[in-house]
Amino acid sequence: MSFNLHNRNLLSLIHHNARELRYLLDLARDLKRAKYSGTEQPRLLRKNIALIFEKTSTRTRCAFEVAAYDQGANVTYIDPASSQIGHKESMRDTARVLGRMYDAIEYRGFSQEIVEELAHHAGVPVFNGLTDEYHPTQMLADVMTMREHSDKPLHDIRYAYLGDARNNMGNSLLLIGAKLGMDVRIGAPKSLWPAADFIAQCEAFAAESGARLTLTEDPYEAVKGVDFIHTDVWVSMGEPVEAWDERINALLPYQVNRKLIESTGNPRTRFMHCLPSFHNCETKVGKQIAERYPHLQDGIEVTDEVFESPRCIAFEQAENRMHTIKAVLVSTLGGI
């Protein structure tokens with residue numbers, strides 16, 4: 001079966017099949033090797049890419065900018081403070097304007113409906129840099145990182161996600177594992193599982209790929225024998241402090257600490273995090289939480305002990321954001 005990623009949107013990974021995902025992963029590997037060896041060939045000369053950020057970012061913005069520059073493309077960073085988006089101009093009109101000036105558009109923001117609307121009206125490829133529901137560019141980086149740190153084929157890799165699984169990370173890790181035939185475990189309170197219809201959709205993908213999907217409220221069952229443990233922050237700066245109590249109390253059993261990671265029974269288990277991480281109280285939010293919950297001063301979703309240990313590969317994971325995003329740009333705009 002042939003496929004063509006030229007001028008394709010990247011909105012959720014739902015519409016990408018396993019062969020296309022593997023191609024992007026292989027291309028990212030090749031582009032990474034070329035960058036390291038100094039043999040990279042620019043394929044995006046004179047291409048222009050708009051980067052819309054309604055949510056702040058470090059890794060996503062830097063990854064898109066460096067990936068584009070490496071390949072000879074130009075980027076324009078657009079945020080709400082420096083544009084009319086949402087103030088005097090709708091996303092539909094913004095899409096129709098930018099689509100006439102740019103070769104592609106990246107969007108990082110809130111509802112999935114917004115990036116879908118952008119894609120519908122822009123007339124050029126649109127890339128989802130993160131929405132409340134999905135984080136597809138992070139998933140490519142995560143799977144690339146797991147491949148690099150395992151001698152197993154993808155079908156045999158086992159990984160768990162612990163924490164609030166209703167968010168973009170929980171949804172997306174379940175989805176990409178289902179697409180690629182992997183062994184995926186979700187460990188979370190049942191009230192924080194992905195939506196039932198989304199789980200059913202992933203189970204249908206798993207039936208085609210041979211993936212094994214497990215959702216459990218027992219964190220130790222979730223991580224038994226896994227090769228990788230993923231987590232994400234439990235609270236966000238936009239949430240009121242009063243809302244933290246219920247979330248933290250519900251998720252405390254799912255904290256990634258030495259006891260939990262050793263319970264895997266696998267001395268090679270690695271820890272992964274999309275970042276930023278509240279593994280200590282050196283940040284504004286971390287300090288606020290530590291003051292309110294003194295027992296979490298050494299880490300919230302993950303302890304500082306685990307985060308600073310050799311098991312943690314979060315920074316390799318962060319670097320791979322750039323290589324996988326570059327693969328998306330090259331395959332979409334580079335004509336290969």
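Including glycine, each Cβ sits where the backbone N, Cα and C put it.
What Swiss-Prot annotates here:
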BINDING   Ser57, Thr58, Arg59, Thr60, Gln84, Arg108, His135, Pro136, Thr137, Gln138, Cys274, Leu275, Arg321  carbamoyl phosphate binding site
BINDING   Asn168, Asp232, Ser236, Met237  L-ornithine binding site
Do you know offhand how many angstrom separate Cys274 (carbamoyl phosphate binding site) and Asn168 (L-ornithine binding site) by C-alpha?
11
Counting all other Cβ atoms within 10 Å across every protein chain shown, which of the binding-site residues Ser57, Thr137, Asn168, Ser236 scores highest?
Thr137
Just checking: which of Arg59, His135, Thr137 have a Cα that is within 10 Å of the Cα of Asn168 (L-ornithine binding site), counting only these binding-site residues?
His135
When the Cα-Cα distance from Asp232 (L-ornithine binding site) is computed for each of the binding-site residues Ser57, Arg59, His135, Thr137, Arg321, which gives the smallest value?
His135
